[in-house]
Amino acid sequence: MGKVYYVSKNVGLGMLVLAVAALATIIALSIAYDKERAKNRGKPGDEATDSTSMPPPPTTPFIPKEPWDHYRLPDSLVPLSYNVTLWPRLEPDARGMFVFTGHSAVVFRCVKETDLIIIHSNKLNLTTFYGHHAKLTGLGKATVPTIQKSWLVVKTEYLVLQLHSRLAVGSLYLLYTEFLGELADDLQGFYRSEYIEDGVKKVVATSQMQATYARKTFPCFDEPAMKAVFNVIIIHDRATVALSNGRDIGSNHDPVTKGNPQTFVTTFEPTERMSTYLLAFIVSDFLSNSLQVRIWARRKAIADRQGDYALSVTGPILQFYEHYYNATYPLSKSDQIALPDFNAGAMENWGLITYRETALLYDPMLSSTGNKERVTTVISHELAHMWFGNLVTLQWWNDLWLNEGFASYVEYLGADYAEPTWNIKDQIILSDVHKVFAVDALASSHPLSRREEEVNNPAEISEMFNTISYSKGAAVLRMLSEFLTEPVFAKGLSSYLNTFAFNNTVYTDLWDHLQKAVENTPGMHIPHTVHNIMNHWTLQMGFPVVTIDTRTGSITQKHFLLDPDSVVDRPSQFKRKDFLPYDQMRVSGEDWVLANTNVSGYFRVNYDLYNWDRLLSLLSTNHQALSIINRAQIIDDTFNLARAKIISTTLALRTTKYLSKERDYIPWDSALRNLDYYILMFDRTEVYGALQAYLKKQIQPLFEHFKTITANWTKVPTKHTDQYNQINAVGYACGMGVEGCRELIKSWYRQWMENPHHNPIHPNLKSTVYCSAIAFGGVEEWDFAWRMFKNATLASEASRLRAAMSCTKAPWLLNRYLEYTLDPTKIRKQDATSTIQYVARNIVGMPLAWNFVRARWGYIFQYGKGSFSFSNLINGITKRFSSEFELQELKKFKEENLHVGFGSATLALEQAIEKTTANIKWVTENKAHVLKWFTEESK
Ligand SMILES: *[C@@H]1O[C@H](CO)[C@@H](O)[C@H](O)[C@H]1NC(C)=O
Ligand SMILES: *[C@@H]1O[C@H](CO)[C@@H](O)[C@H](O)[C@H]1NC(C)=O
Ligand SMILES: *[C@@H]1O[C@H](CO)[C@@H](O)[C@H](O)[C@H]1NC(C)=O
Ligand SMILES: *[C@@H]1O[C@H](CO)[C@@H](O)[C@H](O)[C@H]1NC(C)=O
Ligand SMILES: *[C@@H]1O[C@H](CO)[C@@H](O)[C@H](O)[C@H]1NC(C)=O
Ligand SMILES: *[C@@H]1O[C@H](CO)[C@@H](O)[C@H](O)[C@H]1NC(C)=O
Ligand SMILES: [Zn+2]
């Protein structure tokens, strides 16, 4: 963090970089942490007073009586190893059901005297032995208590054995179970994925254990700190291949099903000591493209070499992490597999990482630059977990933010190593920092860190997988790494990983090791401990806005809230803080100050109006005097400061005036994201005409620029980010009605319709072209897209077409498409919510999608249970909500469906209500002068 801020004094002096001590002040002291408030956090009743703006109370104060009514395992038994055998059937049984059978023996140690064995088991039919669901034996000389009774607890997902006498502390026991489960298409636990290849339907047995689904595969102590060694055996047809976390150490005919030469038994090497949520079991007829580092996919995808790119970046990224962590790759092999049905983007199972096809497969002829970047960053993210998360695992899910935030930060470092020309590290500003600022500025946000007792049941655990955990986690770790400097950060990290290898930690263990690294670095001094500094950012929600008055040199800070009225009833969690004036901050004449360069700090910056004017005038005369990131930062900060009523809306809009000269992607994208809010708020009002005219005027030069540098659209820009910027230029130019744009697009799509075997559209532009052509076309264009969608063999192509079909303006086509989303033979379950969101993004589709969802919430909630991202669905549909009427509808929706519930969308629904309220206010206050400004500026 050598450059938290710099000051331009005058031309002769150039830029003055301030000393580390002053920089540290901003990071370490800019938020005064209110300790009283923190202590009270989470106390029952605290939240109840303000239920509309706080997340739902994380725990019920009710303390269950019986140990099996607790969601957390008792601490009396500790597993050491499991022998698990699984046999998935890829053909339906006589009932038409897909099932798997298996048996498991777990060796555990008793560490506290108990006459109860409580182990997770969910949706498994267990074989009984003399009336009990398991057999218990002892290892060594321990006498073995007999089982008095056994039963299943559905709510807490346990198998419970009551023993006649107690287990002896220190002794080892073995619990044996046999079970039958359904190999359902629910994307959880051991499940099946189906696809059609060469006209034949094929079935894959695969798994997703995170967070709480290993217990749906075999009875196990299913908590991340219950690490054990797993000896896995998979029984399968000889025409298929079985994969698991470890290397396979031999396949043989099955002695159990002897007589059937078709059946194989594959045995895997024992795993390292690991958590259950990282297990993976897969049976398929897939092929792979190499030896110990393998990419697996459907046969046709491998034959088309769609796995080659993934393989080519995996090696370099693994090398990068070995060097960065100063620790060798902990396993003997690395498998990565692309699955037709997969709920998340990817899952970091140790040694056998699972992906959606779009996140692993890449076709140089058919995929876009964006597809390629996604493959690189997702691989980089998952490989980062092989050490951070898998080798060393957080004790419990409350610390998920550290695991995910960490991987979301270092994924940029790994990807940058594999693709050094992309400048990908800059993109964390758009994809994480600015993205999470938007969420973390709401009063309904929550702190990164939660206490262990606040996160118990599976729904609470899955709510942890949110933007705050991933993106704020990434942003504050990046800040810390740049603050401590990367070598010191990496040194602490390496010591942390080596100390806790194969074991579990809490987040403060990392701070301790970083602190040690600081202390062991000669000459390094930080004003507070890592622990104290990071508490400011992890224990309280939100972030500050730092205000610099360049007339006096004074710096102040306060909690930044998008809606400044949203906290009136509650004590602020941030103390307002004034700093002594800094001489370096006092400027006059033409000089300007710009703070938080690189956006390393997790805060926004405001200035006095004189300094803003000087920055705006610099942008209009010589924007390249500021770095690309800083240009984007000025835009994003002003737009958000205006939303929070700290500066005027006009001042924010003025930052877009220089864009007619801007050719770089990141500032443009930042502006378009912010103007998107204006489009959403006003595209149903009279403001839209003037807005469109202004944006058309601003984007036109960019459109012409790309027309020139691509020789009339016949070439592809060479720079990675130029390729993205071209997509924005074409998309917005067509949307705003720039001359020649729509005709160009229609002619490309028309050519493709005339010759479906030859698609003349460059992959980068396909999304934009498909969407525009379908928007300006009719049923013929739509039906053609549907046929191409059904025929697509590359997942990313299918996903582009799926998005584009939502662009039509014909209500009947949109309604028909919405119906398709609940028919798994038309739209895969994993894609249903995003498809509905795409429809809602369309101005014509929004009311249709909203009616569709509220009319059928009960059904959708059941249909999508476990696989739908309900929170994204609610966010997507309510994005445009900005009238009192819509707010009432939303509240009614909440009331009427309380009995159904909202699952993972509970918090999102509260946020939607808060955001709609803020939108109403904003539109009322801003409509008139926004209209006036756009009207004047578009002349
Ligand atoms: C588990 O499997 C290992 C390796 O195959 C074997 O040595 C061991 O005896 C088995 N343990 C039990 C309890 O079945
Ligand atoms: C488990 O048992 C129940 C009750 O007998 C039955 O309905 C269910 O189908 C069984 N599950 C499987 C996968 O066979
Ligand atoms: C890397 O690890 C080796 C062996 O564990 C150790 O000697 C060395 O100091 C480490 N290097 C850094 C930079 O931490
Ligand atoms: C894991 O860490 C705990 C606490 O630091 C320690 O007591 C235990 O011995 C470690 N276990 C292993 C297997 O390293
Ligand atoms: C692009 O097209 C214009 C006319 O349509 C023509 O004048 C110009 O030479 C073309 N440029 C290139 C590089 O082909
Ligand atoms: C549809 O897919 C088949 C099989 O991949 C392919 O041979 C055919 O050319 C495709 N049809 C079109 C119109 O692209
Ligand atoms: Zn992750």
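Sequential numbering from 1, following the chain as shown.
The backbone N, Cα and C atoms fix where each Cβ goes, glycine too.
No curator has checked TrEMBL annotations; they are predicted automatically.
Record check: TrEMBL places His381, His385 at the Zn(2+) site, and the matching candidate among Glu357, Glu404 is Glu404. In sequence order, Phe465, Ser469, Tyr470, Gly473 make up the list of same-chain residues 6 or more apart from Glu404 (Zn(2+) binding site) whose Cβ falls under 8 Å from its Cβ.
Sequence-distant contacts of Glu382 (active site, proton acceptor), defined by Cβ-Cβ distance under 8 angstroms and a gap of at least six in the same chain, are Gln336, Ala346, Met347, Glu348, Ile353, Tyr355, Ala407. Within 8 Å of the centroid of the Cβ atoms of His381, His385, Glu404, where the record puts Zn(2+), the same chain has further Cβ atoms from Glu348, Glu382, Ala384, Phe388, Gly389, Asn403, Phe406, Ala407, Ser408, Glu411. For His381 (Zn(2+) binding site), the same-chain residues 6+ apart in sequence whose C-beta sits under 8 angstroms from its C-beta are Ala346, Glu348, Ala407, Ser408, Glu411, Gly414.
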